[in-house]
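Okay, so here's the structure we're looking at.
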Amino acid sequence: RHGTVKNEDTFKTSPFHFDLWFYFTLQNWVLDFGRPIAMIILPLEWFPLNKPSAGDYFHMAYNVITPFLLLKLIERSPKTLPRSMVYVSIIMFVMGASIHLVGDSVNHRLIFSGYQHHLSVRENPIIKNLKPETLIDSFELLYYYDEYLGHSMWYIPFFLILFIYFTGCFTPVEEESRMPVAALLLMGPSSLYYWYLVTEGQIFILYIFTFFAMMALVMHQKRKGLVLDSNGLFLFYSFIITLVLIAVWVVWLWNDKILRKKYPGVIYIPEPWAFYTLHMNNLHAAKESL
């Protein structure tokens, strides 16, 4: 009986979810990308360094709204999806995003004290002279929770949920494999946000494996005579544009020796905020000194 339901689900139609994708794009830009910007531009007197910043409240809102939108997206899938995996992923997502909230809050507040994101923890002038030296280990632990553990527990479930949803975005009707104008308008902002997510989060491996899994699934379903519906096309094309943007970003900064030192591995993808503290921050300081 359960198998019959799944077969019926495969042939259900699913119109483009403009409302959900629009809310996703809006809250991603405002609450995720906008949180460090809000922290920097708002007067420091409003949010003292020993209190949560405006960006922290943005992050708190993101940690509540995003899981809700992900659950709503899964609910609208025309296919019966593994609920237990979705729920566990949502729980891990909230845990990871909350861990990141704490670490990111402290790391971004350190900017006001002269912390430079293009340098490692031990190379930062305000860190390497700390006494006793064991305090440096504590800051490295904070960086680990922020950039590694928090990011892993945040982004792995996020991309897993998107992929689980993507598995239900196939239809045997060719006419449904078209994107409305609304989808085309949202594709640019959505792709640009994914570029920021991958570069700032340093999750290119996770992203590219998800993208390869999507491509493999598309080819597999094509042999069965199934094609992507409008929602699947929107997600798939957004990932393709994201890959192009990442390539342009890497080529542009390919010869940057300082960022090369910060990201010495085979995969060289600088973080936007490291670029900001290295180049844009210095530019602003030079203008203020004139």
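Cβ coordinates are placed from backbone N, Cα and C, and glycine is handled just like the others.
Because the structure is a prediction, the values reported are computed rather than measured.
Residues or ranges marked as transmembrane segment in TrEMBL: 20-42 (among others).
Residues 17, 20, 23-24, 27, 30-32, 34-35, 38, 81, 86, 90, 93-94, 97-98, 100-101, 104-105, 158, 161, 164-165 of the same chain sit 6 or more residues outside the transmembrane segment (57-74) yet have a Cβ under 8 Å from a Cβ within it. Per TrEMBL, the feature transmembrane segment maps to 57-74 (among others).
The transmembrane segment annotation in TrEMBL covers 86-103 (among others).
The transmembrane segment annotation in TrEMBL covers 154-173 (among others). Sequence-distant contacts of the transmembrane segment (154-173), counting only residues of its own chain at least 6 positions beyond either end whose CB sits under 8 Å from a CB of the stretch, comprise 9-11, 13-14, 66, 70, 73-74, 77-79, 81-82, 85-86, 88-90, 92-93, 96-97, 99-100, 197, 201, 203, 206-207, 210, 213-214, 217, 221, 225-229, 231-232, 235-236.
Summarising the annotation, TrEMBL assigns transmembrane segment to 203-220 (among others). If you look at the transmembrane segment (203-220), the same-chain residues 6 or more away from its ends with a CB under 8 A from one of its CBs are 151, 155-156, 159, 162-163, 166-167, 194, 197, 228, 235-236, 239-240, 242-243, 246, 267, 269.
Under 8 Å from some Cβ of the transmembrane segment (232-254) lie the Cβ atoms of residues 16, 21, 162, 165-166, 169-170, 177-179, 183, 186-188, 190-192, 194-195, 198-199, 204, 207-208, 210-211, 214, 218, 268-270, 275, all in the same chain and six or more residues away from its ends. Marked as transmembrane segment by TrEMBL: 232-254 (among others).
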